[in-house]
Amino acid sequence: MARSVDTEAMTTRDPSSKRGGWKTFPFMIATLLGLSIASFGWVMNLVVFLIKEFNIKSIAATQNSNIVNGCVSMLPVVAAILADSFFGNIPVISVSAFISLLGIILLTMITSLDHLRPPPCETGSILCESPSKLQLGILYIALALVIIGSAGTRFTLASAGANQYEKPKEQGSFFNWYFLTLYTGAITGATAIVYTQENASWKLGFGLCAVANLISFIVFVSGKRYYKHDKPMGSPFTNLIRVVVAATRKRKAVISSREEDYHHGLGREGKTSSAMPSKSFRFFNRAALKTEDDSVNNNWRLCSVQEVEDFKAVFRVLPLLLAIIFVSTPMVTQTSLIILQALVTDRGLGPHFKIPAGSLQVIVIITACIVILMNNCLVYPMYQKLAHKPLTPLQKVGIGHVFIILSMAISAIVEAKRLKTVTNGHSMSVLWLHRDFIASVVIGISFYLSTALITLIQKTTKWLPNDINHGRVDNVYWLLVIVGVLNYFLVCAWFYRYRNLNDDDDQEQDPKDDTT
């Protein structure tokens with residue numbers, strides 16, 4: 001009898017124990033490859049699509065593209081929260097891939113049916129018919145669908161793939177393949193798909209994106225029985241919000257200097273928690289302060305010391321995150337404007353080949369791969385050998401700021417050269433744009449700031465007309481140089497100092513650790 005019970009228990013455990021592992025690898029990687037080709041295929045050439053197919057003015061098309069890219073880069077955080085807190089990664093990926101497929105099919109229909117877009121006209125013509133409200137409405141619905149679909153798979157697919165493995169070494173190997181596949185799909189979408197859109201037809205280009213998305217969706221769903229399904233564990237953002245709420249509700253309480261007046265959590269958390277909250281950002285120490293009205297069961301009024309310290313750790317890096325946002329704004333502005341520059345340059349390579357304007361962005365991806373490889377294998381080890389100490393993370397950030405400033409300066413010089421060439425009646429080769437484009441890597445949240453910056457410049461100056469041949473884009477780049485210099489000195493070189501995590505939080509910082 002006992003033997004039959006054991007056998008029954010083993011059979012009930014076997015299905016879950018057999019899930020996960022390397023048998024899920026082909027499904028995850030094939031899904032990622034198809035979704036990457038589809039996603040980069042439509043987003044890389046969006047500015048050109050809006051200008052040529054919807055007769056939208058160049059600057060307005062750039063701003064719309066920035067908003068779309070901003071959503072694609074920010075909404076994955078929302079998708080990750082939904083996956084972690086409520087649904088799990090696998091259902092979110094399935095639904096998102098299907099939504100993305102619907103959006104790309106709608107984009108394909110827009111390019112196939114003439115009444116879903118305005119009549120075509122010559123680029124830059126003042127007689128172009130604007131799209132109707134119905135046509136714009138359908139376009140925005142399609143873009144909303146592909147944005148939600150792309151955002152829903154960006155982080156969750158990586159997390160779901162890593163969760164299939166138990167050993168850290170296997171997870172690391174998966175991430176290596178993950179990024180290799182991601183870049184392969186991005187390069188394929190930014191070259192083959194974009195070339196098809198501009199040289200064959202937009203209908204065929206979006207159709208190929210739809211096929212890639214459909215195949216990836218079918219592959220992912222067919223492997224569902226092999227996946228290890230992660231259970232929702234709750235969002236870490238909830239704990240951060242609870243600290244703010246608890247501290248605010250007890251804002252009038254007097255901060256104590258006694259260890260026993262603070263809540264240290266229950267069970268294992270209470271044993272590993274800090275004895276006293278640190279003195280930095282003391283206002284939030286009230287969240288862990290025990291008062292007469294507090295209850296251990298009410299975690300929106302009483303948090304543990306460890307939760308308070310976790311919140312402070314996140315709060316300390318906010319200025320650095322803001323620095324990343326502001327330093328990324330010049331990069332994404334450059335990314336947007338360089339497509340407009342490419343449209344008015346000579347993109348021919350020989351008599352029969354013309355580089356698509358949207359494909360220029362693939363240089364960012366290729367350059368990022370090369371630079372990361374060179375840094376990890378050559379530059380950083382050589383510096384450590386010569387200086388007898390490694391580069392700190394903030395020093396690497398500072399070096400990145402310098403290169404971004406140089407990139408903006410080069411962009412300004414190249415644009416001034418291009419304008420001079422245009423006034424002389426000649427067209428400039430698109431290869432000139434490669435030099436300044438190599439230094440830029442797109443970071444998503446800055447697309448919104450880039451949109452606001454372009455709007456501000458357009459309203460206050462005459463530097464950004466719809467025909468940039470009559471504008472001063474070089475002055476825009478010089479303005480971005482100034483922004484980059486101010487950002488570097490105010491945040492990277494001035495505000496930040498290192499903390500030694502092995503020492504007490506209250507210990508005075510060593511001035512030698514200042515980042516310069």
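Note: Cβ is positioned from N, Cα and C throughout, glycine not excepted.
Here is what Swiss-Prot records for this protein:
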- 31-51: transmembrane segment (TRANSMEM)
- 67-87: transmembrane segment (TRANSMEM)
- 90-110: transmembrane segment (TRANSMEM)
- 138-158: transmembrane segment (TRANSMEM)
- 174-194: transmembrane segment (TRANSMEM)
- 201-221: transmembrane segment (TRANSMEM)
- 320-340: transmembrane segment (TRANSMEM)
- 362-382: transmembrane segment (TRANSMEM)
- 394-414: transmembrane segment (TRANSMEM)
- 437-457: transmembrane segment (TRANSMEM)
- 476-496: transmembrane segment (TRANSMEM)
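Long-range contacts of the transmembrane segment (138-158) within its own chain (CB-CB distance under 8 A, at least 6 residues past either end) are made by residues 28, 31-32, 35, 39, 42-43, 54, 68, 71-72, 74-80, 83, 89, 92-93, 95-104, 106-107, 110, 116-117, 131, 175, 178, 213. Only pairs six or more apart in sequence are counted, and the transmembrane segment (174-194) with the transmembrane segment (90-110) gives fewer than three Cβ pairs under 8 Å, not enough to call it a contact.
Beyond the ends of the transmembrane segment (201-221), by six or more residues, the same chain brings 27-28, 30-35, 37-38, 41-42, 45, 49, 53, 93-94, 97-98, 100-101, 104-105, 107-108, 111-112, 149, 189, 193-194 to within a C-beta distance below 8 angstroms of the stretch.
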